[in-house]
Amino acid sequence: MKLPIYLDYSATCPVDPRVAEKMVQYMTMDGTFGNPASRSHRYGWQAEEAVDTAREQIAALLNADPREIVFTSGATESDNLAIKGVAHFYNKQGKHIITSKTEHKAVLDTMRQLEREGFEVTYLDPESNGLVDLAKLEAAMRDDTILVSIMHVNNEIGVVQDIAAIGELCRSRKVVFHVDAAQSAGKVAIDVQEMKVDLISLSAHKAYGPKGIGALYVRRKPRIRLEAQMHGGGHERGFRSGTLPTHQIVGMGEAFRIAKEELQQDYDHALKLRNRLLDGIKDMEAVTINGDLDQRVPHNLNVSFAFVEGESLLMALKDLAVSSGSACTSASLEPSYVLRALGLNDELAHSSIRFSFGRFTTEAEIDYAIELIRVAVDKLRAMSPLWDMYKDGVDLNTVEWAHH
């Protein structure tokens, strides 16, 4: 067993060996290394053909038209292009946007930027299970609302939003609907026709593809217009200029092809591992599972261990590669803003760990993880005076702490 055990698949996945093997063929003199935009010779034609194939593979996973796929450097850029692109193009129709408080920073920070530019953003509070209430979303809509941006699967707590219902609502109100699907593509089925989504952000490295490549799905019927954020040679139908990285695009295409073929297999494997981990820790005292347990992907388990400091638990679990919150924010000592939005207090939010598993995780690794978690939590609680007070029946919320 390789230590530390990797249980941080929501941060990134290892590249599937089949994907890596394919990518290598598009880099060197022996392979297809040409620029897809070179129209005058075979090197360019072959590269363009490889890009077209990848575009088809990505579109197939979404039940989309290949012409609706725009390549970007990743989901962060896709979020920026979608949100700023819509805001700047449709600003004559209105300047109001709706999103939720539990979105990824790539969405929230983009919204903050638009607020500085004079747009008005409504941030919806999720329910305590992490899901957005459709009635609250509808109530927030106004005549000048131009965009709704709600993620499909949350990166910290793994809950799955009812995208089809939100899409129906947005379509009936003629509001553009953007979805960040970085955490759901390849994990759950996505059908853009059924879901009535206008824009979808995609990432390759969350689906066993390479880092540094992503895509934005841009609906053609009804046509969605965007203002480009990256200017230059007019690549990607003018949406996103820049030479296309053939090897990365081929990697993303292959990763999405495999994801489509093995979707059910991967899902069942993750579910088995998640249930195994849950069964191994659910009888522990003062343990909370964060987020709805039914409407969530099985690849994620976010757990709060009360009376244990999250940072010290991470240190104690040095043989497990896990995180507290998302990789993008886990470097900060602030409690997770996602868990705070669910109504968890600072202490509980601070004591949470995200376990995320995937294609290459084994049952033996989960069993080893359970053992480590139980020992570490018991050891840390044994050192905690708060744990002693809790065991003595003291309600810690009513204690008046003296400030010396």
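A Cβ is built for glycine as well, from the same backbone N, Cα and C atoms used for every other residue.
According to Swiss-Prot, the feature active site, cysteine persulfide intermediate maps to CYS328.
Feature annotation from Swiss-Prot assigns pyridoxal 5'-phosphate binding site to ALA75, THR76, ASN155, GLN183, SER203, ALA204, HIS205, THR243. Other Cβ atoms within 10 Å of the Cβ of THR243 (pyridoxal 5'-phosphate binding site), summed over all protein chains shown, number 12. Under DSSP, THR243 (pyridoxal 5'-phosphate binding site) is assigned to coil, being neither helix nor strand in the three-state scheme.
The [2Fe-2S] cluster binding site annotation in Swiss-Prot covers CYS328.
Its Cβ taken as reference, LYS206 (N6-(pyridoxal phosphate)lysine) is surrounded by 29 other Cβ atoms within 10 Å in the chains shown. In the three-state DSSP assignment, the secondary structure recorded for LYS206 (N6-(pyridoxal phosphate)lysine) is coil. The N6-(pyridoxal phosphate)lysine feature in Swiss-Prot is assigned to LYS206; the stated evidence is sequence analysis.
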Exercise. Among ALA75, THR76, ASN155, GLN183, SER203, ALA204, HIS205, THR243, listed as contacts of pyridoxal 5'-phosphate, what is the widest Cα spread in Å, to the nearest whole number?
Worked result: 30
Exercise. Just going by other Cβ atoms within 10 Å, which of the binding-site residues ALA75, ALA204 has the emptiest spot?
Worked result: ALA75
Seminar exercise, completed: Going by C-beta under 8 A and a gap of 6 or more residues, the same-chain neighbours of HIS205 (pyridoxal 5'-phosphate binding site) are THR12, CYS13, VAL15, GLY74, LYS211, GLY212, ILE213
Seminar exercise, completed: Least crowded of the binding-site residues THR76, ASN155, GLN183, SER203, counting other Cβ atoms within 10 Å of each Cβ, is THR76
